[in-house]
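TrEMBL has this to say about the protein:
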type     : residues  : note
DOMAIN   : B:128-417 : domain 'NADH:quinone oxidoreductase/Mrp antiporter transmembrane'
TRANSMEM : B:6-27    : transmembrane segment
TRANSMEM : B:72-95   : transmembrane segment
TRANSMEM : B:107-124 : transmembrane segment
TRANSMEM : B:130-150 : transmembrane segment
TRANSMEM : B:162-184 : transmembrane segment
TRANSMEM : B:204-228 : transmembrane segment
TRANSMEM : B:240-261 : transmembrane segment
TRANSMEM : B:273-293 : transmembrane segment
TRANSMEM : B:300-318 : transmembrane segment
TRANSMEM : B:368-390 : transmembrane segment
TRANSMEM : B:402-422 : transmembrane segment
TRANSMEM : B:443-464 : transmembrane segment
Amino acid sequence: MKKNDVILQTVTNVVVFMIFLFSLQVFFSGHYHPGGGFIGGLMTSGAIVLLLLAYDIKTVSKIIPIDYKLLIGIGLFFAVATGAGSLLFNVPFLTHAFSHFDLPILGETSLHTAVLFDTGVYLVVIGVTMTIIQTIGEGE
Amino acid sequence: MINLLILPIIIPLFTAILLIFLTKYIVLQRWISGLSMIGTISASIILIQTVHTDGIQTLNLGSWPAPFGITLVSDMLSALLVATSSIIAFCCLIYSFRSIGEGREKFYYYSVFQFLLVGINGAFTTGDIFNLFVFFEVMLMSSYVLMVIGGTKIQLRESIKYILVNVISSALFVITVAYLYSVIGSLNMADISRKITEINQPGIVTVIAILFLIVFGLKGAIFPLYFWLPGSYYAPPAPIMALFGALLTKVGVYSILRTYTLFFYHDTGYTHQILMVLAILTILAGIIGAIAYEDIKKIIIYNIIIAVGIITFGISVMTEESLTGSVFYLIHDMLLKAAMFLLIGIIIAITGTSRLSNISGMIKRYPLLGWMFFLASLSLAGIPPFSGFVGKLLLVKSGFAAGHYIGAAVVLMSSLFVLYSVMKIFINGFWGVPKEFPNEGKVPVYMLLAPAGLLIAIGITYGIGAEFVHSYISQAAEVLKNPALYIDAVLKE
């Protein structure tokens, strides 16, 4: 007999977006409040894992067609390139810069290159977590 | 360019990341990793020259001043070791092209290879004790992958042991750093050294010194803590084995060298005495293993342990001469051990076995391989014109001068047993009646001999040009003997 997961799947459809938004909120607040790339990435992959629980691996890879192994590479590249960017200005590796900008909708915002580094961390964490879970899930 | 000393870390790191995207294109991977390795070697050689002319180089990452941020420090010792390990990694890489097999190459082999080099070069360059831990982990995790990649039964079994031992020793490392931090309140190595001098090394710091000896002894395989090494290094294929045998234990030895000359040099009567006893026992344990086995891999593996003992003996004597000897021997041993592993890799590839009793008469069809093995053996044992001689001479001389007669005699004697153990391979394997070997003609011998030959050539140049090399080595030993030079360079006082 085939199981019917209609409640689980319907709840998942709603909750996944909430988890994802919360993870982004945690990610972007990392500089001034508890949070950052690691916990943000872990929570985003938590959302994807919930999808995996409600549906199966094939469906989820159709919804989110990402090769997570490449995501690790992209994330690492982000992080290292942010650090290596300082080589171009002949200052020590990993020297960050920040400034205040007047953006159209958000008003005065301080933008920091550390966010780029954190984006790298975020992507690597998602990539690693999902690679682990998918390979174990697909393994016989 | 102020970022020069980070280039040997950054170049392999970028390459490793790039290779993640190119796993399917094997030829491209080979070219990129080879070229980047040449870049790493050039950067490290430029670094040696810069350190030689301008003194110790430091880089405060993120522009934070010295005790507060992470500082990378390149004195002559670390610059030399970075260059040596890059050269060895290059040779192992070239050797891998023809021997490692397509299955492994498609499975992130070259990427992980570069990550291993990141960890090793980083561990040699860092000036921060916790950053040293992180680079240790980068190195160890890559080595876990390299040990298990391919997934044969023996590899799986041995990597479980290897990972277990290293996870425990890493946990102990963190605990030790935590103790040190709670006593000293700093993680910057120069700052720690200065503060230990201020409080004049009380008993608790000596306890921490012994804990560090246990941690780095587990990584570097000194006497009671070497039990994991013979089995683990037996499992992976030849180029990986060469990389491990030449580099991984030496990072542990380097860490002992660094901490025992920079941090814990006030109460040498206790700590260095223990180090000396352990060093002598390490040599003896290595000798027993090296002469006991009839398996060529095992013989060379036990030779690693002998070398670790010899180098730590030099550290424990703690005179400028003995430290010079240790550094000299360390670099020689890295080069020659790698060459030795690559050579026996070729022998095993041809004969399909590592049992000495099944091999004989190889000199008839492989004269070049035979004579290269002969040269490497003489060099390893320390026969005068070759590179093992000068380092061991300095060690023995300084041992006798400092009145440590037993240790010096054991170091002297160990040469004999090293020579016996490798000559056993040469005489039984290369002389005698030629046998039929299963893989004859299928192995690209000359392609594989080239990187080993390069290492032996560098080793011989290193021995013959000892006069020239000595000016660099003694500059390294000078910093080890006078930690004030290191501290002043980092804290800019």
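The backbone N, Cα and C atoms fix where each Cβ goes, and this holds for glycine too.
If you look at the transmembrane segment (B:72-95), the same-chain residues 6 or more away from its ends with a CB under 8 A from one of its CBs are 5-6, 8, 33-34, 37-38, 40-41, 44-45, 47-48, 51-52, 56-59, 61, 110, 113, 116-117, 120-121, 124-127, 189-190, 238-240, 242-243, 246-247, 250, 254, 257, 327, 330-331, 334-335, 338-339, 342, 345, 448, 450-452, 454-455, 458, 472-473, 475-476, 479-480, 485-486, 489-490.
Contact between the transmembrane segment (B:368-390) and the transmembrane segment (B:443-464) is supported: at least 3 Cβ pairs lie under 8 Å, counting only residues 6 or more apart in sequence.
Nonlocal intrachain contacts for the transmembrane segment (B:443-464), taken as residues 6+ away from its ends with a CB within less than 8 angstroms of a stretch CB, comprise 87-88, 90-92, 94-95, 97-99, 331-332, 335-336, 338-339, 342-343, 345-346, 349-350, 366, 368-369, 372, 375-376, 379, 385-390. Within the same chain, residues 8-9, 12-13, 15-17, 19-20, 23, 29-30, 32-33, 36-37, 40, 44, 78, 81-82, 85-86, 89, 92-93, 96, 100, 131-132, 134-143, 145-146, 149, 243, 247-248, 251, 254-255 sit at least 6 positions outside the transmembrane segment (B:107-124) and bring their C-beta atoms closer than 8 Å to a C-beta of that stretch.
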